[in-house]
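Scroll down for the structure; my scribbles are underneath it.
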Amino acid sequence: MGVADLTPWQDIILQTPFLLFTATVILALRFNQTRVIYIVLFLALAWASTGKVENIDYFSFHPSLFFISQLLVLMAFSFDQNKVVWGRHGLLRILILFALLAINYRFNQSITVNEWLSAQVLPTGSESKLSPYFQIEFIVSALCLFTLAIRQVLKPSQLNASIWALAFGVIVMNFGDFTYHTIILSYCLFGVLIIHAVLTDSYQMAFSDELTGLSARRALLQSSISLGKKYTVAMMDVDHFKKFNDTYGHDVGDQVLRLVASKINGVKGGGKAYRYGGEEFTIVFPNKSVAYAIPFLEQVREEIANYQMAIRSDDRPEDKKQGKSDRKKSKAASKFVNVTISIGVAEREGNLKEFDQVLKQADEALYRAKQAGRNCLAE
């Protein structure tokens with residue numbers, strides 16, 4: 001059955017990848033994920049230019065050169081910093097895409113390009129049945145997957161992982177021999193994969209605290225809807241944090257917040273930690289009473305109070321091994337500080353029916369803990 005013989009429903013299915021790519025671009029614009037836009041635009045061109053889909057061939061590109069171009073685009077834009085779409089940064093990226101397309105179109109039938117792409121870099125048998133372009137495609141594919149894997153290790157995110165998966169899918173599509181139904185499904189999956197990545201990363205940005213890695217205040221308020229009729233809320237505050245910040249600087253202050261967050265996040269007893277804002281943190285114990293939660297809260301408070309934090313020097317070496325060696329030699333001269341927290345805790349009971357009421361009660365208890373001398377817990 002040719003393309004001309006497709007029913008209306010089959011024609012819609014054939015255009016589904018374009019619909020998904022359009023939805024992805026709209027989402028990317030909404031959440032300022034501009035690198036996604038350029039990747040998707042090139043994917044759409046890849047879909048439109050494929051000759052495997054029942055001889056649909058909107059553009060005339062060299063298949064091997066275009067495949068390599070796709071991988072180069074994925075590698076390049078995986079490192080993009082999400083600059084604005086409009087303006088000189090956006091114009092530069094669009095020019096790069098058009099330059100790649102122009103190169104592909106111009107050298108489609110070039111004998112020189114064919115010779116370059118079919119160069120035998122790796123040893124192979126004289127009777128090899130592989131494509132003449134296999135070696136260069138294989139090398140670029142391996143380089144692309146390795147580069148994107150390093151990117152994910154250095155800066156893990158759902159989008160970076162999805163770009164790696166996307167590159168892997170493009171590579172499989174290139175080396176495999178698939179029916180047009182499989183190709184349609186694959187490009188649909190590419191679109192769904194990127195949409196999922198954009199939504200997941202946007203959720204992380206909205207509901208997670210970048211500095212500490214804890215769930216943010218918005219996540220706390222969202223989760224409060226499903227807490228039920230019994231729970232305990234603890235409000236925590238780093239003691240004398242402003243004075244500490246003024247003395248040692250904001251960089252050390254950030255170190256303190258990360259340290260406190262890591263200790264709070266390790267709370268036992270089923271507690272869930274959040275960064276409420278500034279130097280304030282919250283722990284929620286679903287289906288637990290104050291009496292149950294207090295021992296676990298006291299354990300966190302004592303762990304923080306007993307931890308000696310070394311103040312990092314501004315001139316510390318970049319090399320971690322060298323830094324560790326230097327610290328051993330000058331341990332006695334190192335600057336150590338202790339950080340403490342105060343805790344206020346309240347339970348949903350009696351007249352405290354709403355979450356904001358329980359939260360306010362815990363905040364008032366936190367104030368009493370401050371008044372009692374700090375580094376303590378109050379109900």
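Glycine residues also receive a Cβ, built from the backbone N, Cα and C atoms like all the rest.
TrEMBL does not curate its annotations; it predicts them automatically.
Taken from TrEMBL, the feature transmembrane segment covers 12-29 (among others).
According to TrEMBL, the feature transmembrane segment maps to 36-53 (among others).
Marked as transmembrane segment by TrEMBL: 59-79 (among others).
Marked as transmembrane segment by TrEMBL: 91-107 (among others).
Residues or ranges marked as transmembrane segment by TrEMBL: 132-150 (among others).
Annotation source TrEMBL lists transmembrane segment at 159-176 (among others).
If you take every residue in the domain 'GGDEF' (229-379) and average the pLDDT, you get 82. What TrEMBL records for 229-379 is domain 'GGDEF'.
Summarising the annotation, TrEMBL assigns compositional bias 'Basic and acidic residues' to 312-325.
The region 'Disordered' annotation in TrEMBL covers 312-333.
Counting only same-chain residues 6+ beyond the ends of the transmembrane segment (159-176), those with a CB under 8 A from a CB of the stretch are 33, 36, 39, 43, 46, 67, 70-71, 74-75, 77-78, 137, 141, 144-145, 148-149, 151-152, 183, 186, 189-190, 193-194, 196-198, 200-201.
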